[in-house]
């Protein structure tokens, strides 16, 4: 790490300036806080004289006290039930307790209960939890059908005579697909995993080979390869996991008697993670649930993030249409996240239109921490966050195992991966199959750079052949044979004598050699850009000529990331040396990977994090074009994306917002959100998902329809200059720098309501910035007789007392129209209460320390009549005020609570969170 940067980051952290309580450019609204949920549980809600009281006393002994809606779900008897289980609301406990309730209270045979999950791990956890409940024997728990979709229907088709071997080892399909792609000449265009994933999505959507999409030329080229793969499986008597479900569906359709047998076997069906079901799974569940439809579907439409695998949010949104007699229960008390974290999650997801409106309440007393970081670039982001993590671990506040770093796309983690590797921080990376620099798309570019330094690098020579449309084996063997006879400075020149090479290929070869020689004069970033401009982007386009596809966008992102990585280096040798060190370190790490990874930091995509929770979460890349992803911002969508057209673009954006919601709700105690100001060389605004909660309030205090309060009306957010701080002499008009955040953003161009009120200066590119973590400041030009403050000083030091205050309230006061109606007495009192509460919370006294207190006025003479004398004396006292507008309760604040900024209190009447305020009380005596 650069010493200046490291010292800068540490100093900033010691001064509590690195992270802020609001994202840069946030609106005037305060940080959202989730309302408190009811503290009543089965201990209070289930009276001893109720028929099932013994059951609830039984599970309470195991430490399970269910809330009101959980009790309703567990008690559900017959008929379809949709259980909307928000993040962290205890759905696993509800599922296991309902199975136990059916066993002990309804006296259902355990073999008639089916509990379907998506993973073997989840099914095993269900069985284990059920067996741990008092009164449930191990035999009963084992007889309950806690199964995955695939294990359930594999048993069905096996019983009916299917003998095909199951491809449980994924290496075999990978090998076969890789070989078929190579034969078709598509090995550079498609990775085996991507091709198999595409095939799985089409089969899960119940599409026949004739219906497989061919929207792009890439898909048209892939289709014959997939058909060959399916032919190989049939010839070898093999089947994959998708084939299990397809065979079961065919079996039920062609042999109704088999379906009837399954229906009789399972009288009660419960499906976990219902929002993740694809069309094939959904149809199978429908078939076995009919005609009684004793189906309990548990899921959350706000966590539908696997549409690329066939998941359909509509299965939850339209549940009552499919099952008119359905009952809907919402589990809305979250027992995972602090109220600040949950409040942000509520506001983030509330801006989606296609959803079932619901607000999560907090079931724990901890408030939690939500803080924001605005670094200049992704490399600065990795530097600052990992330094912060190391400090937290070094002080004993956290272990590495407590922490997860979540990112939107695999390529975005490159900067973090490299720094974690080089600094020997223990970590586990989930999802990535290989190192970034070893990716098939990246290797040819690096090989061209290697040839620029060493023209006789034979491995690099072989690595560039495919980009010349020359078969690798044929070209490499020709070069080796010619080298044995006569070695040349540029071994690639031997290909000019190859008999199968056409004239146009020879011309391209000479042009390529000329270009490789010229790369020596460029810096690494510019050299990569030259490779892309001269031929590589066109080479990628040749495989996929369609202008707008998600696949092509992903490839482009990886090449952009390679340029970003190279930007840090001044020479090719330095850059390639770094790549080699990272590769060597990665290989050593892979070979020494231990089984015990309990105290290792987790690095994963948001998709991978679903269903998990962590004490501390860092959400990185919360910027436009990253989250939301650039493909979701295209007006017409992408041709190879299931979200097409204008409506599809809106649907794609809503899925991105659901991803943000899932990321936020992974955090239990601390959440840090980082939004780099530059992403791959271009300015990036703070993600709209992060700014919207501070611009309008759309979530409801309860899960029933209510009018939006006037206080939550949308207000235009303050415009903040995102230009780099100036470092020079003062002009006649001195510049006052008022520190706002570590870094910042201007307006979001995609949000018309946040238009700038002044022209924004052009941003300085990262290449021209200082090497330390750059700090953005909001600049206001005023004629003041003082010198400008440097960037570092304005970052680390508080603004001088002489700096003018530009509070929102003062601006509103000046701009208030003359004909605006005056505030009512109640509104004035509430406004005064909020102002005093703010002073109390910030640790300030109501009287200014720089001004002596005014002497008390002498008491009015009793002989002098006065209206004021007739009123009883009163004074304002600090108080806790209920945030629920329907509740008028307040409690006098203790002296210690007035100075404790972290103090919190719940309303003794309605259990809603209370805020600091003041109330007028009469003075007696």
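Cβ coordinates are placed from backbone N, Cα and C, and glycine is handled just like the others.
Unlike curated records, TrEMBL annotations are generated automatically.
In TrEMBL this protein carries:
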type     : residues                       : note
BINDING  : 85, 86, 87, 88, 89, 90, 91, 92 : ATP binding site
COMPBIAS : 709-718                        : compositional bias 'Low complexity'
COMPBIAS : 737-751                        : compositional bias 'Polar residues'
COMPBIAS : 752-761                        : compositional bias 'Basic and acidic residues'
COMPBIAS : 811-833                        : compositional bias 'Basic and acidic residues'
COMPBIAS : 845-875                        : compositional bias 'Low complexity'
COMPBIAS : 895-904                        : compositional bias 'Basic and acidic residues'
DOMAIN   : 64-338                         : domain 'UvrD-like helicase ATP-binding'
DOMAIN   : 339-611                        : domain 'UvrD-like helicase C-terminal'
REGION   : 700-765                        : region 'Disordered'
REGION   : 803-875                        : region 'Disordered'
REGION   : 895-925                        : region 'Disordered'
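Counting other C-beta atoms within 10 Å of each candidate's C-beta, the binding-site residues 86, 88, 90 are led by 86. Least packed by the Cβ count within 10 Å, out of the binding-site residues 89, 92, is 92. Residue 91 (ATP binding site): 21 other CB atoms within 10 A of its CB, across all protein chains. The ATP site, placed at the center of the C-beta atoms of 85, 86, 87, 88, 89, 90, 91, 92, has further neighbours from the same chain whose C-beta lies within 8 angstroms: 94, 300, 331, 334, 335, 336.
Annotation: 85 carries the greatest number of neighbouring Cβ atoms among the binding-site residues 85, 87 [cut-off 10 Å, Cβ to Cβ].
Residues belonging to the domain 'UvrD-like helicase C-terminal' (339-611) score a mean pLDDT of 87 in the model. Following the DSSP three-state reduction, the secondary structure of residue 91 (ATP binding site) is helix.
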